[in-house]
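S.K.: Take a look at this one; I'll ask things after.
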Amino acid sequence: AMTKTAGCCQGCLHYVFDYETPKTLVIPSIRVGFVFRFTQFLVVLYVVGYVCVVQKAYQETDSVLSTVTTKVKGFAFTNTSDADPRFWDVADYVVPPQGGDSFFVLTNMVVTPQQTQSRCPELPNPSTSCVDDCDCIEGYSDPRGNGILTGLCENYSTTVKTCEVISWCPLEIDTKLPEHALLAAAENFTVLIKNSITYPKFNVHRRNILPHINSSYLKRCEFNRTTDPDCPIFRLKHIVSEAGEEFQDMAVKGGILGIIIDWSCDLDWWARKCNPQYSFRRLDNKNPANNVAPGFNFRFAKYYKTPDGEETRTLIKAYGIRFDVVVHGTAGKFGIVPTVVNLGAALTFLKNKHKITHLNEVADTETVSDKLNVFTRDYQGLIFSIFPFSSRLFFCQTADKIHSF
């Protein structure tokens with residue numbers, strides 16, 4: 001029993017601590033060798049061409065942190081039959097006035113002047129039409145309506161009666177949107193975009209106002225992809241045009257445009273490439289098959305007081321273009337860790353193969369086989385000898401020699 005226990009322990013020790021080295025079969029075939037070398041060539045081409053050159057997998061990376069400020073400039077003059085002649089400057093058409101990574105430029109509007117808090121008939125629709133006071137529930141307010149019902153049914157016109165509401169009267173009629181943009185001149189407005197970015201991992205800081213740009217250049221330049229690609233001042237018409245849209249068409253009901261700044265930087269000393277790249281695209285949905293609630297609009301009001309102290313307001317339903325400045329980017333710089341990891345992965349496909357040992361004497365194998373209780377099988381003239389205690393080594397015996405692998 002002790003002998004069996006000692007043998008079992010010794011077998012376990014050999015199983016854990018025995019060192020094995022693999023042997024590989026050498027096949028003297030030009031066709032097989034060509035396939036093998038061609039496969040190695042493809043691996044090298046993938047590692048050098050795609051992993052290193054295209055993906056730059058030898059680099060450490062960091063994501064951009066960014067801040068943006070904008071400043072719009074331009075003037076317009078309107079003179080329509082529905083409103084008095086008016087001069088417009090940046091304080092009138094940029095809402096809100098403090099621009100960050102998003103700014104809005106007013107291009108069209110529905111104006112309801114001289115509203116006061118009073119009572120007036122609701123706008124006619126199936127839910128507000130009435131015959132008598134019983135059809136109007138006092139105190140009820142419809143979120144899609146314009147005020148709180150008083151419980152009275154009043155004449156909206158000579159033929160239509162609607163429920164009376166407490167609201168800002170007269171009520172807004174937003175169906176009277178001008179067919180052409182009121183501020184058509186907005187296409188010539190310009191915007192200065194100031195963008196500062198940092199890559200904290202590499203302690204790199206950049207601005208889109210590049211070092212060679214001075215004050216005099218900034219006063220006269222305008223972004224042009226061919227002649228002035230570094231100028232941070234953009235004409236609104238050109239932004240919309242590069243996004244594939246027509247400014248005057250978009251200005252009627254508004255929309256949302258993206259100004260995309262790409263800071264993809266290669267910080268290796270042989271490259272030192274870290275300049276902004278600008279692109280433009282429309283962000284809101286412009287699908288002719290689904291044109292419900294198109295464009296972009298919102299309401300704001302300007303408040304006044306009459307000489308007798310009564311509060312009045314001018315309600316403006318503003319249509320226009322919202323510009324969103326989207327900044328993204330990744331910086332890369334040589335790093336020893338990603339380099340070693342990717343080279344190690346590549347070298348596993350290219351590791352050196354050890355040539356096998358040829359045994360010329362069949363008797364040698366027979367002696368070894370007898371001692372190690374080798375299982376031998378004959379298959380189509382080849383004798384295969386398999387060692388039961390090692391899954392990594394067996395012999396293939398031909399007529400003239402024995403191959404081990």
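Using the three backbone atoms N, Cα and C, a Cβ is placed for every residue, glycine included.
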S.K.: Would you mind checking which of C120, C130, C134 shares a disulfide with C169 in TrEMBL?
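M.R.: Out of the candidates C120, C130, C134, the one TrEMBL links to C169 is C120.
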S.K.: If you count the C-beta atoms lying within 10 Å of each candidate's C-beta, which of the disulfide-bonded residues C153, C231, C274 ends up with the smallest number?
M.R.: C274
S.K.: What is the Cβ neighbour count of N188 (N-linked glycosylation site) at a 10 Å cut-off, with all protein chains included?
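M.R.: Within a 10 Å radius of the Cβ of N188 (N-linked glycosylation site) lie 13 other Cβ atoms.
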S.K.: Please give me the recorded positions out of K71, C136, C163 that lie within 10 Å of C130 (disulfide bond), comparing Cα atoms only.
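M.R.: The recorded positions passing the 10 Å Cα test are C136, C163.
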S.K.: Within 10 Å of the Cβ of C120 (disulfide bond), how many other Cβ atoms are there?
M.R.: 21
S.K.: Using Cα-Cα distances with a 10 Å cut-off, which of the recorded positions C120, N188, C221, C265, C274 are near K73 (ATP binding site)?
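M.R.: Within 10 Å of K73 (ATP binding site): N188.
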S.K.: Could you say which of the disulfide-bonded residues C169, C221, C265 has its Cβ with the most other Cβ atoms inside 10 Å?
M.R.: C265
S.K.: Which one, from the binding-site residues K71, K73, K317, has the smallest tally of other C-beta atoms lying within 10 Å of its C-beta?
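M.R.: Sparsest of the binding-site residues K71, K73, K317 by Cβ contacts within 10 Å: K73.
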